[in-house]
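Novice: Annotations for this protein, taken from TrEMBL, read as follows:
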type: COMPBIAS; residues: A:19-31; note: compositional bias 'Polar residues'
type: COMPBIAS; residues: A:52-61; note: compositional bias 'Acidic residues'
type: REGION; residues: A:1-71; note: region 'Disordered'
type: TRANSMEM; residues: A:88-106; note: transmembrane segment
type: TRANSMEM; residues: A:139-160; note: transmembrane segment
type: TRANSMEM; residues: A:167-189; note: transmembrane segment
type: TRANSMEM; residues: A:201-219; note: transmembrane segment
type: TRANSMEM; residues: A:226-244; note: transmembrane segment
type: TRANSMEM; residues: A:250-268; note: transmembrane segment
type: TRANSMEM; residues: A:288-305; note: transmembrane segment
type: TRANSMEM; residues: A:325-343; note: transmembrane segment
type: TRANSMEM; residues: A:355-375; note: transmembrane segment
type: TRANSMEM; residues: A:381-400; note: transmembrane segment
Amino acid sequence: MLTFMASDSEEEVCDERTSLMSAESPTSRSCQEGRPGPEDGENMAQWRSQDSEEDCEEDPDGYACSRGPGRPPGLEEELTLKYGAKHVIMLFVPVTLCMIVVVATIKSVRFYTEKNGQLIYTPFTEDTPSVGQRLLNSVLNTLIMISVIVVMTIFLVVLYKYRCYKFIHGWLILSSLMLLFLFTYIYLGEVLKTYNVAMDYPTLFLAVWNFGAVGMVCIHWKGPLVLQQAYLIMISALMALVFIKYLPEWSAWVILGAISVYDLVAVLCPKGPLRMLVETAQERNEPIFPALIYSSAMVWTVGMAKLDPSSQGALQLPYDPEMGGVKLGLGDFIFYSVLVGKAAAAGNGDWNTTLACFIAILIGLCLTLLLLAVFKKALPALPISITFGLIFYFSTDNLVRPFMDTLASHQLYI
Amino acid sequence: MTAAVFFGCAFIAFGPALALYVFTIATDPLRVTFLIAGRASEGLKSINPEETAPSMRLLAYVSGLGFGITSGVFSFVNPLFDSLGPGTVGIHGDSPQFFLNSAFMTLVIILLHVFWGIVFFDGCEKKKWYILLMVLLTHLLVSTQYYSASLHLTSSGLAASVFTD
């Protein structure tokens, strides 16, 4: 998510709008050197056409290029609309991919739908005889889980504020090690068991080692953008699968609701931890933990990278219509996938609910991006999508599903 | 039931819609947004300047396609995935062509929605209310035909799902 300036007239536009742009980052320097000459000479009429946009986007280094200078203000909105639509697609694809991976796994690998204990964060069991007790237990589980997340987020922000970069870096490396090696090993084992494929240990270790090592390099250091994005999607999916397996039914739904409220508060309130994180990063002119966040354009910083249950989704989208890319927190990916995965796991092999939740989340994401285009600052990505998702899940499961089942069994189409 | 039935029926039902999507919509992200957001694109429409605005016809087409695909998917996806599981179609004397019939009917419904969408938007734009009435009536007519056809079939086709999970 970097904007590369073609002329000085764009300086103030970028500074005003890009909250995460780093003026002295090595990338922007090298990009200016590496940019092709003709970009500077683009005239106003050209940027409108899709072709010149494509040319710019397909710059060999994968950088997002900015438009030529001197754009009249009346066309600002159209640009916003065009880039808005482009951003929407740029986020639809990874979110969809993550959800597809999770749903495909849930529907085929039995392991992730089997009840096999609970996380330590949700100690209260839901195997209680009465509904009231079950509800109470799920609310208590949610309270504990949310407080753990709040505490860890505040801890992270405090560390960041006091510049304990090494600590954060180590923490993130440990978490991604665990995800990329341990969880992948378990996942691969279960998939092989499901399809009854015999694989010897040396091959397995070779595969997991390569996958994990390349993942660590891509996420924490440098690598091709597409590969980094693919790894981020995969670790989000793995994390979501862990949540789907170990969160009991009712607790999961209450947690989803509570976490979207927390996200709203944390990103929008002046003293919210995530907002403080964004503002501190802005003051220091640093990008925020570039690999805690899925970015659709190249970001080359030797930064932290991580996926951690404590850092759930703020939508870090400092909006700039000249940018080629937007950023979405990995926590958002995870909780979207948890919602859709729970919908897939819950029905009796029913797909209507899953699809309804999927569409609800995409519509919510679309609306959030629209709001982003209007407000032009970091926004929480969870509330709208999760609200729609929850509404659609419960209404589809209880109202639409029996109806569609009856219709389908009589071959009746409306 | 085999994977051949699954893929065959899936492509019969969704092939044309997918082709329409790939060749006309996938190239332009704006159109994809309209497809997914559908009616929720009021806000986008309002800030749409005239010159490069997607025309009303395009909007009608895209939203018709969106409605059609959603409706087709919701109607057909459950039998489709049932066809992957074990079972025997028509074991109780019903038509063994249950999946094929459903696939074709889904295809028809998707295309009908596209056409209805275009005609409806046109009627709204030109303020010819009888067009809206025609769309509504034809929709009801089609559904009634399906209904009366389904009444002639006894416990139609889901012998398969009796045997699936």
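The backbone N, Cα and C atoms fix where each Cβ goes, and this holds for glycine too.
All TrEMBL annotations are machine predictions without curation.
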Novice: Any contact between the transmembrane segment (A:139-160) and the transmembrane segment (A:250-268)? By contact I mean 3+ C-beta pairs closer than 8 Å, pairs at least 6 apart along the chain.
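Specialist: In contact, yes.
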Novice: Among A:167-189, A:201-219, A:250-268, which stretch has the most Cβ pairs under 8 Å to the transmembrane segment (A:325-343)?
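Specialist: Going through each listed stretch, the top one turns out to be A:250-268.
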Novice: Return yes if the transmembrane segment (A:355-375) and the transmembrane segment (A:88-106) have at least 3 CB pairs under 8 Å (sequence gap of 6 or more), otherwise no.
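Specialist: Per Cβ check, the transmembrane segment (A:355-375) touches the transmembrane segment (A:88-106).
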Novice: Same chain, outside the transmembrane segment (A:201-219) by at least 6, Cβ under 8 Å from its Cβ: which residues?
Specialist: 173, 176-177, 180-181, 184-185, 188-189, 227-228, 231-232, 234-235, 291, 305
Novice: List, by number or range, the same-chain residues at least 6 past the transmembrane segment (A:88-106) whose CB is under 8 A from its CB atoms?
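Specialist: Result: 112-113, 187, 191, 229, 232-234, 236-237, 240-241, 244, 294, 296, 325-326, 328, 333, 336-337, 340-341, 344-345, 354, 358, 361-362, 365-366, 369.
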